[in-house]
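Remarks on the structure that follows.
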């Protein structure tokens, strides 16, 4: 199912549970602004190349809009719209003073040189600089972008508006980035998993985990879960998949991935078919890669008792129903992976204050926010007699709806 259709469906179910007025429901769904720009750059060989850039600004009732910028060949307006809307609910669930946005450029970053990527980023920033801003819309890295991309956006934006470190988050530390930001989404996944297991009288120690995706989020989650006594029995990335039922040696695997740029060939585990990773025997499954990977085709074969959604929208609604009937507990993405945007908020706060926090403070504040977030989601589950996904959606939608009404914006 298309990500936008699924997100709209979850929103409408939440709106119904909350008893929202149909006019308010409609105004919450319509994006504040959609931007589409042409970005033409000279390539290194002197030829010209044109790319299409997008920014969807979904909602700013609770504060400046916030969301990543991705560089990917299949940046699709529908997907960007869905992810912008998810950011609105995610920032509200985390209870940080932001709205939601998302953006991207349709390009393959692997086929562009560093200087071409820099020129593309600067042209994109020139086209949207008057539509983003410290108190308007604060971009961050996403798929295919990173701290260097944010440094170029910051520099280009500052040419028009003066030095403005708070205009983007996920920056290099030397330009006002926050300590702990790199690990933040993975650390948030750890804290979210702890909160959920605690509710069921369990702890991370001794649980068997499977992690699908071993990029920034998956690898940090693996490292932190391993340090907390969890046993990671299988992982996969673009290069392949490996399994060791006694538990993978995560520090050695991280070194192998650094050297070989992938998990393939790691001698501490047996190679397996990457398509089988989601149905491997484990207690806790963490999808930390792309959306839509858990669907009606594989949901019946999933053996995990808990699913922690570290990726955005990894579970289709049809799979949700199948898994729910099997008694599988799913911790939804708009809560489970909100650690990244929470520490982005801390970075923005530090930039505005002109004061750098130490890493221990960042991590302690993140734990406080993630623990409180889980408690708030559970309260909504009790109030509306619903599962964790609807608990999170009703929590997020309700907070945005209240801010919209208080500001006098309802239609």
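The chain as shown is numbered from 1 upward.
Cβ atoms are placed via backbone N, Cα and C, with glycine included.
Among the features that TrEMBL reports, active site, proton donor is placed at 102. Note on residue 102 (active site, proton donor): other Cβ atoms within 10 Å of its Cβ, all shown chains, come to 31.
Long-range Cβ proximity for residue 66 (substrate binding site), meaning a same-chain Cβ under 8 A and a gap of 6 or more residues, is found for 87, 91, 98, 99, 100, 101, 137, 138, 140, 341, 344, 345. The annotation substrate binding site is assigned in TrEMBL to 66, 90, 344.
What TrEMBL lists as NAD(+) binding site is 185, 216.
In the shown protein chains, 22 other C-beta atoms lie within 10 A of the C-beta of residue 142 (site 'Important for catalysis'). Taken from TrEMBL, the feature site 'Important for catalysis' covers 142.
A Cβ within 8 Å of the Cβ centre of 66, 90, 344, the residues given for substrate, is found for these other residues of the same chain: 67, 87, 91, 94, 96, 98, 100, 140, 338, 340, 341, 342, 345. Among the recorded positions 90, 102, 185, the ones whose Cα sits within 10 Å of the Cα of residue 142 (site 'Important for catalysis') are 102, in sequence order. Around residue 185 (NAD(+) binding site), taking its Cβ as the centre, 24 other Cβ atoms fall within 10 Å, counting all chains. Between the C-alpha atoms of residue 90 (substrate binding site) and residue 216 (NAD(+) binding site), the distance comes to 19 Å.
On a Cα basis, residue 102 (active site, proton donor) lies 19 Å away from residue 216 (NAD(+) binding site).
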